[in-house]
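**Q** I'd like to ask you about the structure that follows.
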């Protein structure tokens, strides 16, 4: 009788431990399933005005970071000219941003929706390009570590800005598709070129294009606020 009770007690204890173990596993799975940018989930509670102000701050910050990275790059070019071959003229960038014609008869909100989608698509192009710049530079004989670190940091900032823009798009047109595709930069294909001079020049060209686009992007975020909040162009 006593032995039977002990066996039953041990089985109950084992069952309890198993349940606790399963509960912990499920808890960890739930934690692991939280999106990487879960902090952005709270932006759904922000007002449109608040999201736009946040986007303006982030865009300006990204523009400054890109300008700083470009300065570091040009300094590296100055002291290591044989690495980058900067004497060649720049080729055309992937496309001047925000040049697609939009009907003037559309409402400011419709124009705003179009502009947000364009900006999201453009940022996707930037993140793709920055990733490949950092990746290819890391395989150089003497990797420019500071430039690589800055490129990765800017990539993360851009992802945060994209998150805010998607929040804005959801405010002004809920359920709208977000994938307005931008063509990739032509120079990306040359980052893996067997021609060392061509490959290194591609970096120079990409940095210049990124700098030009970031300055235009900064002003367009401010224009977006004018269209959506004040119903006019500033």
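Backbone N, Cα and C atoms are what each Cβ position is placed from, and that goes for glycine too.
What Swiss-Prot lists as signal peptide is 1-33, and the listing cites sequence analysis. Annotation source Swiss-Prot lists N-linked glycosylation site at 61. For 93-209, 226-234, the entry in Swiss-Prot reads disulfide bond, with the evidence type similarity to another entry.
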**Q** Using a 10 Å radius around its CB, how many other CB atoms surround residue 209 (disulfide bond)?
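**A** Excluding its own Cβ, residue 209 (disulfide bond) sees 22 Cβ atoms within 10 Å.
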**Q** Using Cα coordinates, what distance in whole Å links residue 226 (disulfide bond) and residue 209 (disulfide bond)?
**A** 26
**Q** When DSSP states are folded down to helix, strand and coil, where does residue 209 (disulfide bond) land?
**A** helix
**Q** What does the structure give for the C-alpha distance between residue 61 (N-linked glycosylation site) and residue 209 (disulfide bond)? Integer Å is fine.
**A** 18
**Q** Is it possible to get the count of other C-beta atoms within 10 angstroms of the C-beta of residue 61 (N-linked glycosylation site)?
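**A** So the number of other Cβ atoms within 10 Å of residue 61 (N-linked glycosylation site) is 15.
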**Q** What three-state secondary structure does DSSP assign to residue 61 (N-linked glycosylation site)?
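**A** For residue 61 (N-linked glycosylation site) - judged by DSSP and reduced to three states - the answer is helix.
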**Q** Would you mind checking how many other C-beta atoms are within 10 angstroms of the C-beta on residue 234 (disulfide bond)?
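**A** Taking every protein chain into account, the count is 10.
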**Q** Fill in the CA-CA distance, residue 234 (disulfide bond) to residue 209 (disulfide bond), as an integer in Å.
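**A** Just about 26 Å between their Cα atoms.
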